[in-house]
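Beneath this line is the structure, given in structure tokens, with notes to follow.
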Amino acid sequence: MSENASTVETEARATPAPLDGAVNAAADKAILKKAGLFADDPLRYSVRAILAGVYLTLGTAFAVVAGNAVEGVAPGLGAVVFGMCFFVGLAMILQVGAELATGTMMFMVFGAVRGHVSWLRAAGIILWTVVLNLVGAIIVAVMLGQSGKLGGLGADHLLATLSDGKLNKGPWGIFLEAILANFLVNVTIVGGLIMKDYAGKFLFTQFVIGAFVVLGLEHLIANFSLFMLSLFCLGDGFMDGGAVLDSLTWSNVLDNWGMALLGNIVGGGLLVGGVYAWLNQGKSKGAQLYRD
């Protein structure tokens with residue numbers, strides 16, 4: 001093992017602060033597991049990150065098909081159905097164990113505040129996970145672009161409508177919506193850490209995730225899925241989405257992804273991971289009694 005990997009392993013395995021409170025206990029366990037896998041076996045961590053992109057894109061595709069079917073018989077409701085079905089991808093990630101970058105933002109900031117990982121290591125894990133989530137999204141989008149259900153779609157499909165709306169937003173709006181999106185996503189993840197009832201987790205995930213999607217907020221990995229599906233599923237040729245959707249240009253896509261990345265780091269990393277790490281390490285008697 002290299003000296004760098006050995007240092008990271010030691011860092012990830014460092015004795016944590018005393019486990020106190022359900023959130024601290026569950027988050028500490030998850031952080032050390034993620035950082036340990038990244039240090040010990042980066043290949044397996046990478047595959048889990050690719051799988052997260054796969055699962056989220058499959059869930060997005062399902063939601064798009066369901067939403068488009070409803071839009072055909074009840075115009076205006078397609079986007080709502082899309083939003084309420086979108087949770088399927090995140091549910092798969094949470095249940096079978098994959099590494100979603102926007103959740104990793106929360107865990108790594110939480111871990112850095114509590115001293116389990118360095119800030120530099122946390123940033124490296126987040127960025128590597130982002131890249132591999134995109135790889136997973138591309139793999140699924142390419143395959144679905146050749147499928148009977150999603151191949152050769154036109155500009156009137158809900159997929160085009162949703163992507164066009166996101167690609168025509170301004171950078172400040174994307175940034176603010178991305179803060180709110182990943183705030184809600186990570187509230188879902190934190191809630192799932194401490195909930196024991198599977199039916200409760202299912203409903204909690206569906207409605208909190210549904211809230212962010214129906215509101216049209218900006219989530220980086222969801223936009224990986226949506227834009228890659230648009231690129232490979234719209235139009236008759238390979239990667240023909242730009243010919244169908246004028247707003248689907250690399251300039252617009254990269255602008256959206258860049259601002260969504262920054263906003264998601266603030267919303268999930270700082271406002272959930274950072275804030276809850278701070279809330280749950282208060283030393284006063286009142287703070288300890290109120291620990292989550």
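Cβ atoms here come from the backbone N, Cα and C positions, even for glycine.
Note that TrEMBL annotation is computational and uncurated.
Feature list (source: TrEMBL):
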TRANSMEM  49-70  transmembrane segment
TRANSMEM  76-98  transmembrane segment
TRANSMEM  119-144  transmembrane segment
TRANSMEM  172-195  transmembrane segment
TRANSMEM  207-232  transmembrane segment
TRANSMEM  257-279  transmembrane segment
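A contact between the transmembrane segment (49-70) and the transmembrane segment (207-232) is present, since 3 or more of their C-beta pairs, 6 or more residues apart, lie under 8 Å.
Counting Cβ pairs under 8 Å to the transmembrane segment (257-279), the stretch among 76-98, 172-195, 207-232 with the most such contacts is 172-195.
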